[in-house]
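Chemist: Provided herewith is a single structure, encoded as structure tokens, for subsequent inquiry.
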Amino acid sequence: MQRVNLSAVSEFVFVGLSDAPEIRFLLFVLFLLIYLATMAGNITLLIAIGTDSHLHSPMYFFLGNLSLLDLLCPTITMPKMLGALLLEHKEISFSGCLFQHFSLIDVVGTEIFLLTVMAYDRYMAVCHPLRYPSIMNTKLCAQLAVGTWATGLLNSLLHTSLVFTLSFCGPNKIQQYYCDIPPMLALSCSSTHSRELVILVVAGVLGGSACVVTVVSYIYILQEILARNSPGIWHKAFSTCGSHLTVVCLFYGTTICTYVRPSFTYSPHRDRVVPMLYGMLTPLLNPIIYSLRNKEVKCALKRVISQVRRAL
């Protein structure tokens, strides 16, 4: 019976941001420029981290993983959205929607856990500087990175199975520009209360644990700074942790507003805008934030750009 219900809807239709042709074209140009700038910024940062020996450290290893996630996140959603804006091709197959949903939740979940690992890395660097090289060795960094990607994958498998084993037999218009949890739950013609509860509990436990580890890490960092009270310690700590803290606040704020709430608070108009913050602007801003606040990254980027110029 469940298979019959699942096959009742063979495709979904995205409700676009606007139906006016002239506005759609302007939005297409705007989002295309954002997408290209995001790709350029994160690819450049990845090249700088990979080729510059000064950036071969745990902090930049995790930053490279973050840049890779920031490449994947908009790539999962924006090409389809750009096609809908330009060609009005708003349909997506059931399997295509499932894959998009799975990939997006995987990337978002992995980024949450990766930001937590980066907070722990900053804690070790500030609070245990002498033991830092031996503790944060290559093996541990690789294990932490693999662990974040694996946890994100398992989290996505759970959420996707909970959402896409529901019955979809009525409306098929998704009030969003990609397949996400809140609009998919709103389309289901079966009861979603128990699954919503599981989703909220899992998101609360995993996201809450990640948030607690991040907050505790920065509490210890603050205590260490206050205890030392040496000249220039505030500037050094801010240059070390300021970029990561800015990215954490930006990412956590938008994801919590999107996912950690019941479905009856879902608003199609508002919830088309909020996901753009973590789906488009956060991947665009992350390399800028880390570049502006970090002299080593600035120097590495300058060397990469000069090498590209010489090659051209």
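From the backbone N, Cα and C atoms, a Cβ is placed for every residue, glycine too.
When I checked TrEMBL for this same protein, it listed these features:
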DOMAIN    41-290  domain 'G-protein coupled receptors family 1 profile'
TRANSMEM  25-48  transmembrane segment
TRANSMEM  60-78  transmembrane segment
TRANSMEM  98-120  transmembrane segment
TRANSMEM  140-158  transmembrane segment
TRANSMEM  197-221  transmembrane segment
TRANSMEM  233-253  transmembrane segment
TRANSMEM  273-292  transmembrane segment
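Mind running through what each feature is packed against?
Modeler: Same-chain residues lying 6+ beyond the ends of the transmembrane segment (60-78) with a Cβ under 8 Å from its Cβ atoms: 31, 34-35, 38-39, 42-43, 45-46, 49-50, 100, 103-104, 107-108, 110-111, 114-115, 117-118, 121, 141, 144-145, 148, 177-178, 247, 278-280, 282-283, 286-287, 290, 297.
Using a Cβ-Cβ cut-off under 8 Å and counting only residues 6 or more beyond its ends in the same chain, the transmembrane segment (98-120) has close neighbours at 59, 62-63, 65-66, 69-70, 72-73, 76-77, 80, 92, 144-145, 147-149, 151-153, 155-157, 159-160, 163-164, 178-181, 184, 206-207, 210-211, 213-214, 217-218, 244, 247-248, 251-252, 255, 278-279.
Within the chain carrying the transmembrane segment (140-158), a Cβ under 8 angstroms from the stretch's Cβ atoms is held by residues 58, 61-62, 65, 102-103, 105-114, 116-117, 202, 206, all 6 or more beyond its ends.
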